[in-house]
Amino acid sequence: MYVESNFQRVRIDLAYDGGAFAGWAKQPGLVTVQGCLEQALALITRVDLQVTVAGRTDAGVHASAQTVHVDIPRENWARIPGRSKRAPKIALETRLRGAMTRVLADAEAQLGLPSTMRGFMQGAISIHHVSAVSADFDARFSALSRRYEYLIADNSLHQALPVQRLSCWQVESSLDIDYMNNAARELLGLHDFLSFCKPRVGATTIRELRELEFERRDDAVIAARIVADAFCHNMVRSLVGSLVMLGAGERSYEWLLDRIENPQRDATVKLAPANGLSLAEISYPEAAHYKTQAERTRNTRKLPVEKRPK
């Protein structure tokens, strides 16, 4: 049981280059974002801690705005500033950046990178902000929504730029984004997204998709904006992959509608590559509503009777 008087809950906002890691979640023998962050925290607090993340990302998926919370024993929290007169949260933010440099250097050694790639991992994780929060804040369950961005370079560019391969899905076809956007509107709202998810045991695949729109930027790269209350595993990449198939003329409008009206695992749904995807924003309510939002989120999502599969 969490006893607030014995722990200080801390919120950490960070960003990372997902291409450098085997995903978010800690895994034995692999370099992951969670593993590196917890190692850095242990160097500072002298205690093993476990963070709770707003949204787990797969290997290769980036984040420009990720949020975690961690509970630090108050005795260790008070010691973080050392001899300085800084507040613990300010001291932790500064020290965490320094500790991360050390941890990422160790990660390079673990990966066995050649000397020509020395420094490759430095900067792969950036600590944006550290704040002390109440025990009501939950990085995962207090969130109101998550926003992802997906970048696509289709053949309208004529000549693909090699640097884009790190952050864009390079598609050989020329995509009809108007058609894709018309189809995407049919997916908005509360649905069972089983056709577009890899379900986890005991978890629901019902989600409220609030925004899904493609826009061609001035540099001709297509940027997709995807917003939902939450996403199940592989949902964003499956939605993007499916709509790209429509835009390329490989699938029909009716095919997409059937996937949402008759939810079931479907091998014909295409999974977009990880490198084009980035977690761009997580929104939270005012502090007074952290607990209420967390309780609401924990309730199992249920479809209205008229939307349930027959």
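Backbone N, Cα and C define each Cβ position, glycine as well.
No curator has checked TrEMBL annotations; they are predicted automatically.
ASP58 (active site, nucleophile) counts 19 other C-beta atoms within 10 Å of its own C-beta, drawing on all protein chains shown. The feature active site, nucleophile is assigned by TrEMBL to ASP58.
The substrate binding site annotation in TrEMBL covers TYR148. Following the DSSP three-state reduction, the secondary structure of TYR148 (substrate binding site) is strand. Taking all protein chains in view, 26 other C-beta atoms sit within 10 angstroms of the C-beta of TYR148 (substrate binding site).
Along the domain 'Pseudouridine synthase I TruA alpha/beta' (183-285), the predicted structure has mean pLDDT 94. For 183-285, the entry in TrEMBL reads domain 'Pseudouridine synthase I TruA alpha/beta'.
Per TrEMBL, region 'Disordered' is recorded for 291-310.
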Secondary structure at ASP58 (active site, nucleophile), reduced by DSSP to three states: coil
Between ASP58 (active site, nucleophile) and TYR148 (substrate binding site), the C-alpha gap once rounded to whole angstrom: 13
For the domain 'Pseudouridine synthase I TruA alpha/beta' (183-285), residues assigned helix / strand / coil by DSSP: 33 helix, 29 strand, 41 coil
